[in-house]
Amino acid sequence: SLPKWRNKDPISEEYVYCDWCRPEEYMSRPCTGQNQTVCHPCPRGHYAEKYNHLSECHRCHQCNLMNNGHEHETIWCTAVQNRQCECDNGYFKPPKSPICLQHTKCPKGQGVIEKR
């Protein structure tokens with residue numbers, strides 16, 4: 001049986017326990033005292049990882065559009081998981097930065113102390 005969440009019926013104003021939508025679905029209509037929750041599949045390019053009562057699925061992250069092509073996909077976007085991206089060789093992403101930056105070259109006679 002599906003997990004439940006508590007919802008107030010808009011007509012009777014009584015609380016009812018509704019089924020959650022499955023991962024890969026979103027809730028298009030909550031349950032009432034008379035009807036079950038109505039769930040629909042996430043559209044292409046969207047996902048829901050867990051049981052939920054989301055009004056819409058999350059949009060999958062876009063790798064290359066935000067990062068000028070210096071990022072590549074490591075995990076595909078599916079109806080149950082977000083896309084994951086990684087910077088290309090020679091690039092890195094600073095903490096909280098939305099873009100990949102190119103590593104600087106060390107001056108002659110110097111070298112890398114730590115590579116992250």
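Residue 1 is the first one shown; counting continues down the chain.
Placement of Cβ uses the backbone N, Cα and C atoms for every residue, glycine included.
If you look up TrEMBL, you'll see Cys42-Cys57 marked as disulfide bond. What TrEMBL lists as domain 'TNFR-Cys' is 41-85. Marked as repeat 'TNFR-Cys' by TrEMBL: 41-85.
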Study note, to complete from the structure: Cβ atoms other than its own within 10 Å of the Cβ of Cys57 (disulfide bond), all chains, total 22
Study note, to complete from the structure: Taking all protein chains shown into account, the Cβ-based neighbour count within 10 Å for Cys42 (disulfide bond) is 22
